[in-house]
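Feature list (source: Swiss-Prot):
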TOPO_DOM  1-52  topological domain 'Extracellular'
TRANSMEM  53-68  transmembrane segment
TOPO_DOM  69-78  topological domain 'Cytoplasmic'
TRANSMEM  79-99  transmembrane segment
TOPO_DOM  100-114  topological domain 'Extracellular'
DISULFID  C113-C191  disulfide bond
TRANSMEM  115-136  transmembrane segment
TOPO_DOM  137-159  topological domain 'Cytoplasmic'
TRANSMEM  160-179  transmembrane segment
TOPO_DOM  180-203  topological domain 'Extracellular'
TRANSMEM  204-225  transmembrane segment
TOPO_DOM  226-247  topological domain 'Cytoplasmic'
TRANSMEM  248-269  transmembrane segment
TOPO_DOM  270-290  topological domain 'Extracellular'
TRANSMEM  291-313  transmembrane segment
TOPO_DOM  314-362  topological domain 'Cytoplasmic'
COMPBIAS  328-338  compositional bias 'Low complexity'
REGION    328-362  region 'Disordered'
COMPBIAS  351-362  compositional bias 'Polar residues'
Amino acid sequence: MGTEATEQVSWGHYSGDEEDAYSAEPLPELCYKADVQAFSRAFQPSVSLTVAALGLAGNGLVLATHLAARRAARSPTSAHLLQLALADLLLALTLPFAAAGALQGWSLGSATCRTISGLYSASFHAGFLFLACISADRYVAIARALPAGPRPSTPGRAHLVSVIVWLLSLLLALPALLFSQDGQREGQRRCRLIFPEGLTQTVKGASAVAQVALGFALPLGVMVACYALLGRTLLAARGPERRRALRVVVALVAAFVVLQLPYSLALLLDTADLLAARERSCPASKRKDVALLVTSGLALARCGLNPVLYAFLGLRFRQDLRRLLRGGSCPSGPQPRRGCPRRPRLSSCSAPTETHSLSWDN
């Protein structure tokens with residue numbers, strides 16, 4: 001049983017996607033979890049398929065629009081927006097596998113299990129880290145218009161940051177890539193994360209803590225710091241667009257906290273129990289399992305919401321999307337074709353207007 005002590009009921013990037021009918025946790029009595037298992041089989045496929053449909057459609061449009069407009073290399077934010085859409089698109093591609101596994105069991109073998117689990121984990125982490133990159137880009141875009149502001153980032157530097165983010169995400173995905181496997185459970189094949197017997201509880205807990213710290217705490221800290229500075233700039237600015245830009249800032253931070261904070265807290269509490277080898281009563285263990293299922297589903301929702309928050313709110317993106325749907329595209333040269341928007345010049349006088357590009361008109 002020791003090898004399965006960290007198997008959780010969520011299909012998140014820290015665990016397998018199914019629970020045991022009998023708990024593998026250190027419980028004071030045998031705990032039969034058929035009711036939790038039944039809830040998981042109903043809840044997980046519905047959430048996975050809904051988010052997959054929204055994520056594939058929304059992020060597919062973002063990728064197609066940016067590539068058609070050839071704006072991906074013009075600014076760091078455009079480059080990171082493209083990477084964010086790619087990460088969310090890859091994440092959405094893994095969700096139908098989770099839904100099928102929950103409904104009828106896993107039938108694709110251990111190699112595919114490790115591949116899908118690793119892709120899920122890497123894209124999940126990459127998405128949150130690119131959100132932090134976009135926040136930092138927005139702060140630099142405003143601060144560089146001020147006296148003694150930081151030097152603007154170059155597209156080449158943005159591409160280097162993107163490579164680092166993906167490498168870090170792959171590092172965080174190593175447990176899923178190495179230890180996910182196909183196995184029999186209660187008469188059905190399951191794709192689960194099962195740590196080797198020789199791995200201590202401390203190592204398992206430290207892995208989960210590192211993922212929460214880098215996958216949630218770091219991006220949240222960067223977002224709050226950058227948007228707080230941007231909010232202060234907006235409060236000092238004048239113009240009719242100031243209030244709308246402030247609402248965008250609040251919406252971005254609030255969406256991140258509401259969607260990801262509950263799952264991160266639930267996972268931290270579960271990790272604390274693991275590290276302390278704390279015993280739970282059967283009802284408490286069931287409540288924890290349901291909480292992990294529901295909050296991990298909530299965390300997945302940002303895969304479908306990111307295109308709305310970070311792209312569709314942008315005026316220039318909507319213009320590019322309409323042009324794409326009409327079958328046109330814009331060249332990337334200094335003299336754009338008729339109907340293609342010009343990139344505004346940034347000056348100290350235009351800082352409030354550039355701040356309004358918090359709706360990501362880049």
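Yeah, the Cβs are placed from backbone N, Cα and C, and that goes for glycine too.
In this chain, the transmembrane segment (79-99) touches the transmembrane segment (291-313); three or more CB pairs sit within less than 8 A of each other, excluding pairs fewer than 6 residues apart. Residues 5-6, 13-14, 124-125, 128-129, 131-132, 135-136, 168, 172, 175, 195, 252-253, 256-257, 260-261, 264, 267-268, 270-272, 274-275 of the same chain lie 6 or more positions beyond the ends of the transmembrane segment (204-225) yet place their CB under 8 Å from a CB of it. Same-chain neighbours of the transmembrane segment (248-269): 10, 12, 14, 128, 131, 135, 208-209, 212, 215-217, 219-220, 223-224, 227, 230-231, 234, 288, 291-292, 295-296, 298-299, 301-302, 305, 309-310, 313, 358-359, counting only residues six or more beyond its ends whose CB sits under 8 Å from a CB of the stretch. Counting Cβ pairs closer than 8 Å and at least 6 residues apart in sequence, the transmembrane segment (160-179) and the transmembrane segment (79-99) reach three or more and so form a contact. Note on the topological domain 'Extracellular' (180-203): mean pLDDT across this stretch is 78.
DSSP places the residues of the topological domain 'Extracellular' (180-203) in helix, strand and coil in these numbers: 3 helix, 12 strand, 9 coil. Under the DSSP three-state reduction, C113 (disulfide bond) is assigned to helix.
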